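Reading through the structure tokens given below for one structure.
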Amino acid sequence: MWGIIVPFFSASLMCSLVAVVRCQQDTDHFANVTNTIDSLLKGYDIRLRPSFGGAPLEIGIEVILASFDSISEVDMDYTITMYLNQYWRDERLQFIFNESLDLGENRSVTTMTLTGAFAEKIWVPDTFLANDKNSFLHDITEKNKMVRLYGNGSLVYGMRFTTTLACMMDLHNYPLDHQECTVEIESYGYTMDDIVLYWLNDRGAVTGVEDVSLPQFSITNYATINKIEELSTGDYQRLSLIFQLQRNIGYFIFQTYLPSILIVMLSWVSFWINHEATSARVALGITTVLTMTTISNGVRSSLPRISYVKAIDIYLVMCFVFVFAALLEYAAVNYTYWGARAKRKAKRLRERATSVRKRVDDGDQMNNTNMDTVELKEVHMVPTSVGVTNSQSFNLDLDDGSGDDTGFRVVPPIPRSFTHSHATTHGYIPTNVVRRRSSSHVPPRRRRLLSHFRQKAKSIKVKIPRVQDVNTIDKYARLMFPLLFIIFNTSYWSVYLLT
């Protein structure tokens, strides 16, 4: 019995002793680490950079792209979320653990990962983004900052933040354009005499680019560049990360180009509508013009107010010209059709008036009476209390069958003996009698000038061929408008897609 109990209690006691020893060892370990950190910071001057007064401090830069959030053409900037890691060495932070800190299993403490609060107690680079507009450090659930300290004094200082960076875009070929946006990393206060920045592993210093995507752009390539900024305060090392972006055209095809093409084609429908259907053709033309105006305003609202012409401006303006030309085409058809009828009607009226005037003149010569020629205008006679018994008037109907009143009235000649005083005495007051003036009153010099200008005008007058059938204009328009639009599209897409 005792042979079983004694060994059991002995084993239990040994386990308890081992646990106590290990717990004491862990306590000593934590105390040693704390003492080591405290000893590192004791007498540490945060104001001085490592190797102060000696060679420039080399700081390696590493960028991990987390997301490419947005690009704004209006504000000329873009927003990204990234991890920025900085590597340097500070001999003042070297540490050596005691042998008692060996944790067994071939593991020993050679690094310490500390929170971002430790960065406020040591010297860190004053790195900033030269083209930054607005940035913020993520703090969920804690500030996204860390410091990793190695035994030889090497440090890794990392942080995660979102930044909006300026990107000056060239929109001449918009939306068939390529853009280059950069991340400019530089020391704010330390010149190259104190700090030298470099990309860690050159191109390998940037990762995560292949994993991000944008709705309107594709990242075709990226590059890292080292350059020197010469300012009045000194020469500064600057690291540039360049993103080469190509805009995706699919959105603009369905949002702008395809609707514009359909609107232009819709304006051609008026060429197949009867030219006498004025309301239909005018309404269709005005609707297409207003629709193109709406599309143009929508495109301009998403772009900055720049002075130069963009590729999409050229396309929209040409589409507007095509729909406006279709409306003007109907104006030409309508004027040709109704204007020709009006001219023929006026010509017939003039011929009839000339005929009547000739018959009246012939009748006067046969009667051999001295009369004044009265203009063929309506003469209003104001009757008084005393009338003339022999007064007669008659109307000549010059209607050509169209239902329009010509407005001509022929009044019989007035004898010379019927003077103004005699007419007033007998109650007749002619109110609108216009006597013909002889052209001899015009000075000879003016007549010569007028004759000279008439001859010049005839010599430079452009002869427009008469269109006998207005449908001919529509027939030519049905062919020429689509042909010209196809030529324009072929030239447009060839130029901008190749460039």
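Counting starts with 1 at the first residue shown.
Each residue, glycine too, has its Cβ placed from N, Cα and C.
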If you look at what Swiss-Prot says, which of Cys23, Cys181 makes a disulfide link with Cys167?
Cys181
Feature N-linked glycosylation site, as given in Swiss-Prot - residue among Asn152, Asn367
Asn152
Same membrane side for Ile80 and Ala353 per Swiss-Prot:
no
Chain-internal residues, separated by at least six, CB under 8 A from Asn152 (N-linked glycosylation site)
Arg89, Gln94
Using Cβ-Cβ distances, find the residues under 8 Å from Cys181 (disulfide bond) that belong to the same chain and are at least 6 apart in sequence, listing them in sequence order.
Ile71, Tyr78, Leu165, Cys167, Ile242, Phe243, Leu245
Same chain, outside the transmembrane segment (311-333) by at least 6, Cβ under 8 Å from its Cβ: which residues?
172-177, 252, 256-257, 260-261, 263-264, 267-268, 270-271, 275, 281-282, 285-286, 288-289, 292-293, 295-296, 299, 470, 473-474, 477, 481, 484-485, 488, 492, 496
What is the pLDDT of the topological domain 'Cytoplasmic' (334-475) when averaged and given as a whole number?
56
Would you count the other CB atoms within 10 A of the CB of Cys167 (disulfide bond), including those on all shown protein chains?
21
